Structure formats: structure tokens, C-alpha cells
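What TrEMBL says about this protein:
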SIGNAL    1-23  signal peptide
DOMAIN    91-413  domain 'Peptidase A1'
ACT_SITE  109  active site
DISULFID  122-127  disulfide bond
ACT_SITE  303  active site
Ligand SMILES: *[C@@H]1O[C@H](CO)[C@@H](O)[C@H](O)[C@H]1NC(C)=O
Ligand SMILES: *[C@@H]1O[C@H](CO)[C@@H](O)[C@H](O)[C@H]1NC(C)=O
Ligand SMILES: *[C@@H]1O[C@H](CO)[C@@H](O)[C@H](O)[C@H]1NC(C)=O
Ligand SMILES: *[C@@H]1O[C@H](CO)[C@@H](O)[C@H](O)[C@H]1NC(C)=O
């Protein structure tokens, strides 16, 4: 989630060089917070494991694209397999950029609207070991010669804007504008992730460019004008490794294998297409209703790029007041709450329609010691320009979520047993699933050419899998830290 994309380039550079976290009013910075947290640490991946994974990954990708290159199929929806990074801290997918196309892993973020990649010119330590974009390797790259900068709660990236072919989940946009960033603040990228794909509306894009998804949705490239997420849970799995299967990101259709019952859609209030806004209509904690303020302080951004759930201090305090022996955190845990781990917590949220339960496993964000846990709701002051609630993966792991372009709305449905069965199943992470280019769209013309043949993928870079540092890209801080 981007809280402020309007900070000046200069201010950002100053902050970058000072190596600090930008726009981070409270709670405290990830680095300091981590010192108090006793994580149920995932087992470190050995060099052998990583090598095996990397080799399998490369072979899978090569096999996949050799196959699709020769069997052109026309399709107008597509699936991208997601990777769950560091026990639910972040979720990333893959796309391909340029000619010949090169694959990159990018955080999938419904809380911002820009695509950017680390540049091969990036000398910042944040880019060490991260696959980077080299514009001279792409024959179709066009330099827009315009500065780009974006500020997240947890850091910032800056560079210049370019335009190139971007392919994802079987779709291709021939002239996607994106940031090529030679300045990236520490902690923003955790290998193998090279950048971020913003999935919110163009109105909040720092670049001003139409986001990939919005170009596809508005041009009619999709069977249905919507995209969906099913996200896996590994935070209560002591065997979780740095990278685990993360679920699915689907463009252009819902997938009935992944949910049951109806999808409960609620419109984006006032047609304010910026973040994926919803109005919080009800919250219960241990069966008791929480007081929700009306008006703008009930606005929530539904944000796949945020790990936890932030909300107004009063409401968050009331949630914990229903949990016996809970108390406000102090010092580095300012803004958070601690409570006895032995308490099974049941919090539900509604956004105008059905009410959705957050599992105890997700509420229990961290175990601080044998008795004390930290809850997933934290108090947040987003200021005037952002919604009061940021509803992140803590919530989204409990539902099938639908982000619908037209009518602009967010929908939730119950996860199917097939989807639930993917939680906590340690397995090799999916290979890049960029797909064949079945539908090609131009960002300016919005034209659709569904008969365009499959692209040939020559050099899919898959990037090394190193040990991962954990920062959630889009909130003020992250809950899961190294
Ligand atoms: C684009 O051009 C600018 C100069 O106008 C240059 O500074 C920048 O490095 C170029 N970007 C890329 C990705 O080539
Ligand atoms: C729907 O999800 C199932 C289970 O993950 C998957 O096997 C299938 O390919 C998906 N269908 C589409 C159209 O993406
Ligand atoms: C959680 O609370 C809601 C609201 O009171 C209730 O309907 C639901 O049954 C509870 N779930 C569990 C698992 O206790
Ligand atoms: C994790 O939490 C889910 C949801 O509460 C539960 O179904 C699952 O059994 C838990 N897994 C472990 C390993 O405790």
C-alpha cells in the first residue's frame, strides 16, 4: 500500500541515503521490532535445497514454454501460481518483460498501482542478489526519459520510466509503462523478488500509467472483468520454509475449484476507484460487536501487499478488550497488542454483506515467548489521504477474494476444500507461470488481439534463491522479520 507517493524525489533520496524507513510514523521499524520477537523460525534452506529448487525451477520453466510455444491456444483468462514468502509475509507472482521476454518475480500488491523492477544499474545493497532488468537486452524497450519514484510505508524506489512488452498469465500488454529503478531502499526487495506489480487503480499510480491489470480489464481482454486471489497459510506451520506454494492469482475469471457458495460482492464506495476500497460494516471479537465509526474512518483498503490488519486505535483497542489479559504493547511493540497464546481468538469482519471469520492461526501473528502472543490487528494512523483500515493477508488467507473492475467492487467467498487443502502443505514452489500470449493489448489503444500467437520465451531468468529478508512492501512495517 502506498501511503504517500507525492514525496519529492529529493526527500526520497535523502531518506534512501540515510537508509531509513520512509513514512513510518509508528509502530516501530522492522529491524528493531524483530529483536523482541521469537519467531517460530522456518528451517533454513540448505545450499543443496536451493540448488535443487533452482535447477527444477529452470527445467520446469523451459519445459513449460517449449510446450506452449508450439501449441497456441486462445484463452481469455489465465492463472498465475503465487509463491508464499517467509511464512505469509508476502506473496509474489511472475511476469515477463521485453523482447526476448525475461521472467521476473514481483510482489502482487492490490494496495498500489505501479509496476517497477530493479534495474541492472542499481548499485544499492537492496539489489544485491536480485535479478535485475537490463533495458539494453530488450529490443522493444523504450525509455520514456521521465523520472519515477514511489514511496511505500516500508521504503522507496526510484529511477526512470520505460515502456515494453509485459506478459502475465497468458496476457500481453505491448506498451506497458513501468519504473526501472536504480535506487531501492534496503529491505524492499527480498530475493528472488525483483520488483512489484501494483494491482490497484490508475488514479493512484505514481507513474500516472495504466496498470497492467486495468489495461487488460478495460480493453475487454478478459472473459470477466475481474481478478482473484486464493492465498495459502503457512504461519502456523513450524516446517514452513522461506518459499512455499502461495495459492493462485487469476485474471479474467473466477475458479469454482477454489471457492464454494456465492461470491458476496460489495461496491467500492462512491465509485472511488483508487485503492480497492470497502466500507467496514461490522467487526466482532469473541462474539461481541465492536463500535465502528461511520464515514471515512470506516473505509478499508483490501491489500494483498500488507501482511496484517491495521485500523483506528479505538476500534483496535476494543477488539483486544474482549480478549482477557490482553494488553497494549510498549516500546518496539507500540501500536500492537499482546495476549495469552492459549486464548483462541475469533474475530470476524463484514463489508456490507456477509461476515467473514479470521482464523485463530492468522490472528496469532507472532509468538513472543511460550505464553505471550502478538495479535494481527494493530493500531494505525494513515492520515487524511489513505483509508483508515488496511486489510491485509491476515484476512485474505481466510477467503477467496475477487477484485472486480466493473461494476467496481470487491467480493469474497468461502474457500473450497481444495483450496484449504493447500494450506501448510510444504512443497516445491511453483515455476514461473507467465503463460503464452493469448491476448495482446495495447495500453493506449486498448485494442484486443486475441489471436496473436504465443510468444517464444528464450531467456527466462529465474534468479537465485537466497535466504530472504522479510519486509512487507506496503505497510508501515512488517510483522514478520528476520
Ligand atoms: C533513460 O534515459 C535517462 C536519461 O534521459 C537515463 O538516465 C536512464 O538511465 C535511462 N533508463 C534506462 C532504463 O535505460
Ligand atoms: C482452477 O484451480 C484448480 C486448482 O488449483 C486448477 O487445477 C485449475 O487449473 C484452475 N483453473 C483455471 C481455469 O485456472
Ligand atoms: C466466531 O464469532 C461469530 C460471531 O459471533 C460466530 O458466528 C461464529 O460462530 C464464531 N466462530 C467460532 C469458530 O467460534
Ligand atoms: C493452522 O491453522 C489452521 C486454521 O486454523 C488449521 O486448520 C491447521 O490445522 C493449523 N495447522 C497447524 C500445523 O497447526
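Each Cβ is built from the backbone N, Cα and C atoms, and glycine gets one as well.
Automated prediction, rather than curation, is the source of TrEMBL annotations.
Here the features listed in TrEMBL are painted onto the structure.
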residue	record	DSSP class
109	active site	strand
122	disulfide bond	coil
127	disulfide bond	helix
303	active site	coil
Original post:
If we check Cα distances from residue 303 (active site), which of the recorded positions 109, 122, 127 wins as closest?
Top reply: 109
Subject >> All-chain count of other Cβ atoms within 10 Å of residue 122 (disulfide bond) >> reply: 23
Subject >> Number of Cβ atoms other than its own within 10 Å, given for residue 127 (disulfide bond) >> reply: 22
**OP:** Give the number of CB atoms, excluding that of residue 109 (active site) itself, located within 10 Å of its CB.
**Re:** 27
**OP:** Across the whole of the domain 'Peptidase A1' (91-413), what does the mean pLDDT come to? Round it, please.
**Re:** 96
**OP:** Note down the number of other Cβ atoms within 10 Å of the Cβ of residue 303 (active site), including every protein chain shown.
**Re:** 29
Subject >> Between residue 109 (active site) and residue 127 (disulfide bond): CA-CA distance (Å) >> reply: 20
